[in-house]
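The structure appears right after this line, and notes come after that.
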Amino acid sequence: MSNFNIAVLDGDGIGPEVIAEAIKVLDVISKKFNHHFEYTYAPVGAVAIDQTGDPLPEETLALCKRSDALLFGAIGHPRFDNDPSAKVRPEQGLLKLRKELGLFANLRPVAGYDELVDLSPLRPERIRGVDMLIVRELTGGIYFGEKGRKDDGNTAYDTCTYTRLEIERIVKMAFNEARARRGKLTLVDKANVMESSRLWREITRELARENEDVELNFMFVDNAAMQLILNPAQFDVIVTSNMFGDILSDASSVLAGSLGLLPSSSVGSTVGMFEPIHGSWPEGAGQDRANPVAAILSAGMMLDHLELREEANALRLAVNRTLAEGVGTEDLRPREQLGTRAFGDRIAAAV
Ligand code: IPM
Ligand code: MN
């Protein structure tokens with residue numbers, strides 16, 4: 001019997017609904033394998049702004065720091081999207097959380113499901129065999145570089161800075177991920193233009209000498225965007241900087257057919273954070289329509305990170321089995337359409 005303290009930051013929109021289903025499935029897993037998960041909820045995002053004026057209240061951050069893992073729902077609300085100049089924004093909560101918890105690596109697996117091949121915007125023959133992992137740097141680059149205005153506000157700048165340490169730790173992790181998969185790593189950059197990209201290449205070439213069992217190649221980001229659509233099955237592990245990873249992982253996320261399927265983990269030096277790739281879908285909130293699979297699979301990535309491998313595999317098997325039965329939420333256009341809660345029930349029962 002092991003005990004784990006899980007901080008639950010279910011956030012805005014559909015976040016709470018999909019996280020509730022993830023916890024439903026975790027409850028079955030914990031009974032079956034005799035673990036105890038202690039959940040503590042805390043606000044983040046627009047909900048936290050409404051309650052406290054701060055998208056990441058001190059108590060929420062303190063809770064995360066003393067937890068074993070962190071389940072995250074979604075953040076964002078249209079009232080901020082329509083006002084990009086708002087001083088306090090939900091996204092700041094997420095960015096601060098990543099930085100404060102040292103979550104420098106964002107892992108986003110993308111795989112096609114045979115049963116759902118018709119949902120993909122690409123032709124079936126291009127989707128079959130797609131199974132890749134995007135390793136996105138998460139606490140550096142243009143997101144966190146010096147930014148500001150000058151010339152009375154008429155010039156604006158965001159700088160992309162990377163240090164050797166920041167590049168080394170993420171590229172090392174990507175080599176290890178590639179080794180555990182099909183042994184292929186692609187560094188995506190813009191080394192024909194950007195100095196920081198040239199440093200990424202230099203360091204990655206150095207690290208390649210200690211990782212000769214992994215096949216390494218380099219690709220410019222514009223070409224990578226094209227290749228992800230033309231021939232996504234060529235990729236195993238992609239490693240890239242914060243902004244390129246943000247863009248490419250959204251592009252890749254639709255390959256599987258629904259954003260509602262894809263999980264992610266953000267890891268680094270301390271506690272790991274696990275969250276669905278999708279956003280808060282405010283229009284769908286409270287309607288029992290959201291697909292809980294991304295949140296459930298994120299809980300699976302959490303189990304892996306806690307080294308509960310058998311438990312993680314049991315969870316994934318339950319998801320695969322349920323999808324194969326042709327049931328699901330509306331985004332999957334299934335034979336048997338269910339609401340969020342009923343879909344979660346079926347997956348929990350399949351464990
Ligand atoms: C993501 C999101 C965030 C990002 C936003 C909400 C700040 O798009 O997790 O990919 O850009 O990193
Ligand atoms: Mn994004």
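Cβ atoms here come from the backbone N, Cα and C positions, even for glycine.
If you look up TrEMBL, you'll see 5-347 marked as domain 'Isopropylmalate dehydrogenase-like'. For Arg98, Arg108, Arg136, Asp222, the entry in TrEMBL reads substrate binding site. Under the heading site 'Important for catalysis', TrEMBL lists Tyr143, Lys190. Here TrEMBL flags Asp222, Asp246, Asp250 as Mg(2+) binding site.
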Of Arg98, Arg108, Lys190, Asp222, recorded positions neighbouring ligand 2, Cβ under 6 A:
none
Starting from the Cβ centroid of Asp222, Asp246, Asp250, which together make up the recorded Mg(2+) site, report each further residue of the same chain whose Cβ lies within 8 Å of that point, ordered by sequence.
Val221, Ala225, Met243, Phe244, Gly245, Ile247, Leu248, Ser249, Ala251
Pairwise Cα distance for Tyr143 (site 'Important for catalysis')/Asp246 (Mg(2+) binding site) [Å, integer]
10
Just to be sure I understand the packing, how many Cβ atoms besides its own are within 10 Å of the Cβ of Asp222 (substrate binding site)?
13
Model confidence for the domain 'Isopropylmalate dehydrogenase-like' (5-347), as mean pLDDT, reads 96
List, in residue order, those recorded positions out of Arg136, Lys190, Asp222, Asp246, Asp250 with a Cβ under 6 Å from any atom belonging to ligand 1.
Asp246
Which site among Arg136, Lys190 has the most other CB atoms no more than 10 Å from its CB, taking these as recorded positions?
Arg136
